[in-house]
Amino acid sequence: KCAHLRLACETEPKPYYTSKLWWCGITLLGLGEVGNVTAYGFAPIALVAPLGCVSVIGSAFISVLFLKKTMRAADILGGTLTVTGTYLLVTFAPSVPQELTARRVQNYLVSWPFLVYLILEIIIFCILLYFYKRKAVKHIVVLLMMVALLASLTVIAVKAVASMITLSVKGKMQLTYPIFYIMIVLMATSCAFQVKFLNQATHLYEVTAVVPINFVFFTTSAIISGVIFYREFQSAALLNVFMFLFGCLLSFLGVFVIARNKKEEHLQIPFIDCGHIPGQKLTGKIQPDSHSSCYGTLNNEDDSVKSQS
């Protein structure tokens, strides 16, 4: 974001991929995701998934330093709630040390609780997809629920892949089992479709609405999949479960408080030259209108074409 803002202020705008700052940000983002994937190999899904709230509060506070934004009271309150929730999550998260071998993953994959869960998930996803495709229902809840359903499969596959790679590095080779490659395909496929629906949601709705709702849906689906597939709360005490859920609730509230009423910053570019458009008589440049759903108008001798644009 900082690189995009700097490039927009230059007299001769350059492509973002020529910026060293942009590449630095992408590299850090990649390292963070590698660390996130690696964490699934060492900790329960129920703990790793909710800790994603740290990125939300981190973005809120770091933007003050790099983007020169104003620190709001809502940021401080939301950060406090999230940190408190994170402490409860870490303290009361399920601690079930288990060696997640390829054979164990295979047994979990054909267990009846997971098969029932998978069938229900497929049915719900098909119903949502029907309304999305046939009825053109593109409500934010419909889109992000499909993302969450796919995310539950993604975290299952990510944890299995990360755990098997970790055991292989320690000397217990797991990469020769077909289940390892099945999980890689499942991870890549579910991620690709997640990006599709999440991109649709961010295109239609404000990011300040998409981020907290997606975080809540993703975290909830990840915890449920961890409970059903990996049986992470199988021997947990009732108090631990209650305090863990309370920590999740505080984290959810913190993310909503931080994102609530936060306006998106748009780059102020007075004119955009789209070049020659075939079939159109372009006598000027397109003037963006932020208060209208129509991005701009083209000068054309045909009034009917003008009314359509």
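Yeah, the Cβs are placed from backbone N, Cα and C, and that goes for glycine too.
As the structure is a computational prediction, the values presented were derived from the model and not from experiment.
Per TrEMBL, these features apply:
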TRANSMEM  21-39  transmembrane segment
TRANSMEM  45-67  transmembrane segment
TRANSMEM  74-94  transmembrane segment
TRANSMEM  114-132  transmembrane segment
TRANSMEM  139-165  transmembrane segment
TRANSMEM  177-195  transmembrane segment
TRANSMEM  207-230  transmembrane segment
TRANSMEM  236-259  transmembrane segment
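Below 8 angstroms of C-beta separation, residues 108, 138, 142-143, 145-146, 149-150, 152-153, 224-225, 228-229 of the same chain, each at least six residues beyond the ends of the transmembrane segment (114-132), sit close to that stretch. Residues of the same chain lying 6 or more positions beyond the ends of the transmembrane segment (45-67) and with a Cβ under 8 Å from any Cβ of it are 1-2, 5, 32, 36, 39, 75, 78-79, 82-83, 85-86, 89-90, 93-94, 155-156, 159, 211-212, 215, 218-219, 222-223, 225-227, 230, 232-233, 244, 247-248, 251, 254-255, 258-259, 265. Cβ atoms under 8 Å from those of the transmembrane segment (74-94) belong to residues 43-44, 46-47, 50-51, 53-54, 56-57, 60-61, 232-233, 236, 239-241, 243-244, 246-262 of the same chain, restricted to positions at least 6 beyond its ends.
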